Amino acid sequence: MANFKGHALPGSFFLIVGLWWSLKYPLKYFYQKEKSNQLTHHYQRLEIIEAAIRTLFAVIGILVEQFVPDGPHLHLYHEDHWVKLMNWQHSTMYLFFAVSGIMDMLTYLITHVPLGLDRLVMALAAFNEGFLFYYHVRDRPPLDQHIHSLLLYTVFGGALSLAVEVVLRDNIVLELFRTSLLLLQGTWFWQIGFVLFPPFGGPEWDQNSHDNIMFVTMCFCWHYLAALCILAASYSLVYCFLTRVKRPEDREVIGIQKLRSDHTYRKALLSGSDEE
């Protein structure tokens, strides 16, 4: 949809998944670092639930793009012209992400699925998004082209990271890098909506102003800095939470050891006095 809601919807989806990943990957990393098996019991179930939710998000996106009042309603061609190709492009983007979610579920439900195929399909979905957006804004005003082209850095960067993860699976650095780009993508979709379609009746941006292009470029850097801050805060939050949870257990173990040592000392002292 060529309006504010059409950019806020995917932006919200990417933000929700990005915030979840910013908590999930540090949690998985700390448990793997401690070589703890506590998480393995529930981790696969979490992955399946996440994949199902991402698939649901994609299906909702397709339905919204197709069946809004001015949408194509599944009509691609009518009489002598194409019908709402922009909505069809957005639907195609969502379709690939739905396939990615389904592949993620199959990876954890069926043991015969090759490991790494889920990452490969997700990389293809991200590449497809970038490919569509590259040709999405041709022959548009300069500011419109520029603000959408900045989005390509996050999309193709995420696709590249996912492609590397096919080989280097469970690499925390790659996972956090991908998460930061997804957060950036989510906030930037919202920014595009505010710039091109001001929701509160504000003044429209001059689409041909070079100063506006310079500001938008700088604003993109600010968005990424904000994404990194969110990621750092989530990482620290998970670390502090796990440290606090483990502390009572450590105290309990230390207390038991101390009681045992005190009991052994008293027993040795009593046996020594009996001999005297």
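Numbers run from 1 along the shown chain.
Note that Cβ sites are derived from N, Cα and C of the backbone, with glycine treated the same way.
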Look up transmembrane segment in Swiss-Prot and report which of 118-138, 181-201 it refers to.
181-201
Per the definition of 3+ C-beta pairs under 8 A with sequence separation of 6 or more, do the transmembrane segment (147-167) and the transmembrane segment (181-201) touch?
yes
Look over the recorded stretches 7-27, 95-115, 181-201, 213-233 and say which has the most C-beta pairs under 8 A to the transmembrane segment (48-68).
95-115
In the same chain, which residue numbers or ranges, 6 or more beyond the ends of the transmembrane segment (7-27), come under 8 angstroms Cβ to Cβ?
1, 39, 46, 50, 54, 57, 61, 64, 90, 93, 172, 175-176, 178-179, 182-183, 185-190, 192-193, 196-197, 227, 230-231, 234-235, 237-239, 242
